[in-house]
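Peer 1: After the structure tokens below, expect a handful of questions from me.
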Amino acid sequence: MDTKKEFFLECYKLGIIKFGRFTLKSGIESPFYVDLRPLASDPKILKDLANYLLEMLPLDNFDLICGVPYAALPMATAMSLESYIPLIMKRKEAKSHGTKKLIEGIFSKGQNCLLVEDVITSGKSLLETIPEIENEGISVSDIVVVLDRQQGGKEMLQSKGYNVHTLFTISEVCDILKDEGLLMDEEVERINDFLRGNVVKFKEEKRISYEDKLKICEHSVAQKLLHIAIQKKSNLIVSADVTTTAELLKLVELVGPHIVALKTHIDIISDFDSDQTILPLKDLAAKYNFLLMEDRKFADIGNTQELQFSMGVFKISNWADLVTAQVIAGYDSLDCFRNVGVVAILSMSSTGTLTDMEYREQAVKIAVSHPNVFGGVAQNKIPNELLLFTPGVNLADSGDGKGQQYNTPEYVFKKLETDFIIVGRGIYKSDDVEKAALNYKIAGWNAYENSL
Ligand code: 5BU
């Protein structure tokens, strides 16, 4: 094995190139991602790298060395130490006080400086850096780069009269990795496609089926829901946001055969009565084989939630199979939900919701680690070990004028890989409630199957 190849493989072990699917700053999707900063953490590699780079260069031409911040700074320093060519440093931004200098170190006008860069892509950032050095009266004739991503940067700079020396190109690196069995043909093809300037096609990741979910979602309520979904060929949850017991029971008679769960806001039922409301509801749940999901969105300290869950008028703990809860009060606040499954609110469907990415990340951490939680309500993908419930689903409308935002079943299955759709007004406000429920059931099931 030649030594340059061996050297690259040593570098590769530090994790400087990753293959997969990455979104670049430009928004373009790339099949690989390069970050050479880890090289500086291995002194032997950094020293060898400096020597490899120096070997390629007409060293007598240079009075100074300068690295483009930040990744190339340690590389330029190491090259200076190995070659005794003095180092200057370029700031990323001029100091806001004092000398306002952009270039630090000892230099004089007319000197020629070797510029060091870790990776060259389009060459645009180098083109911005060079004048900042030239403005100090220093000339730049040569640029040395560790890895050329082969996206036109080298050619562009050469056309402007700069000599660009590159240690590795991405094609060369792919060949080495392919030889070593570290890269599959398919990946190499994708990379070549990308380098040719084509939009790269990644295999659409497939969502996992309800059968596979059964293997990873162990909570008993998750198991029950998944079994019902498979049995009834339905992923529909109807949100029964009606306000009297009679309306509620009438609605359930119509939608019961088509749903996996009925979602209630039990506190909007004006004539609530445990015997009149809950007993018949439980009978219907047994008759049509669906679960009862109380969308209480608990959001208090554990002690208060415990009381809200089991006491008061509604005694939710007596009848709900699953409840929704915020995780805002922290992990321990969820301990009180015994003998019930908890679906954590991870993000909301309404305009201006505060559930930004940072919140969601923290919320997901609690949800996956708490044994009472088996699912999440969200408008985004969540880890496979949780079941995803998505409200804000409507086939006819895109919003309700009060902040609600709707998507279609097709969209939420394909894009969010949801497991269950929650539909309220799309069904209970329909002229033909039963037909609407059946339509949503079919649309949801087709969307699920299409997303597999
Ligand atoms: P709709 O009529 O389909 O818009 O009803 C949606 C239901 O889902 C309603 O009961 C809401 O309280 C519930 N919901 C929601 O719409 N969006 C969310 O982010 C959450 C719950 Br959490």
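Each Cβ is built from the backbone N, Cα and C atoms, and glycine gets one as well.
Pulled from TrEMBL, these are the listed features:
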- Asp295: active site, for OMPdecase activity (ACT_SITE)
- Lys297: active site, for OMPdecase activity (ACT_SITE)
- Asp300: active site, for OMPdecase activity (ACT_SITE)
- Lys25, Arg91, Lys92, Lys95, His97, Glu117, Asp118, Val119, Ile120, Thr121, Ser122, Gly123, Lys124, Ser125: 5-phospho-alpha-D-ribose 1-diphosphate binding site (BINDING)
- Thr121, Arg149: orotate binding site (BINDING)
- Asp241, Lys263, Ser349, Gln404, Gly424, Arg425: substrate binding site (BINDING)
- 235-440: domain 'Orotidine 5'-phosphate decarboxylase' (DOMAIN)
Peer 1: Could you measure between Thr121 (orotate binding site) and Gln404 (substrate binding site) for me? Cα positions, answer in whole angstrom.
Peer 2: 43
Peer 1: Restricting the comparison to the binding-site residues Lys25, Ile120, Lys263, Arg425, which residue's C-alpha is spatially nearest the C-alpha of Asp295 (active site, for OMPdecase activity)?
Peer 2: Lys263
Peer 1: Could you state the whole-number distance in Å separating the C-alpha atoms of His97 (5-phospho-alpha-D-ribose 1-diphosphate binding site) and Arg149 (orotate binding site)?
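Peer 2: Their Cα atoms are separated by 37 Å.
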Peer 1: For Lys124 (5-phospho-alpha-D-ribose 1-diphosphate binding site), identify the closest of the recorded positions Lys263, Lys297, Gln404, Gly424, Arg425, judging by Cα separation.
Peer 2: Gln404
Peer 1: Please list residues from the chain of Lys263 (substrate binding site) whose Cβ is under 8 angstroms from its Cβ, counting only those at least six apart in sequence.
Peer 2: Ile237, Val238, Ser239, Ala240, Met293, Glu294, Asp295, Ile422, Gly424
Peer 1: Whole-number answer please: how many Å between the C-alpha atoms of Ile120 (5-phospho-alpha-D-ribose 1-diphosphate binding site) and Ser349 (substrate binding site)?
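Peer 2: Counting only the Cα atoms, the answer is 42 Å.
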Peer 1: Check the binding-site residues Asp118, Thr121, Gly424 for any whose Cβ is under 6 angstroms from an atom of ligand 1, and report them in sequence order.
Peer 2: Gly424
Peer 1: What other residues of this chain sit with their CB within 8 A of the center of the CB atoms of Asp241, Lys263, Ser349, Gln404, Gly424, Arg425, the recorded substrate site?
Peer 2: Ser239, Pro391, Gly392, Ile422, Val423
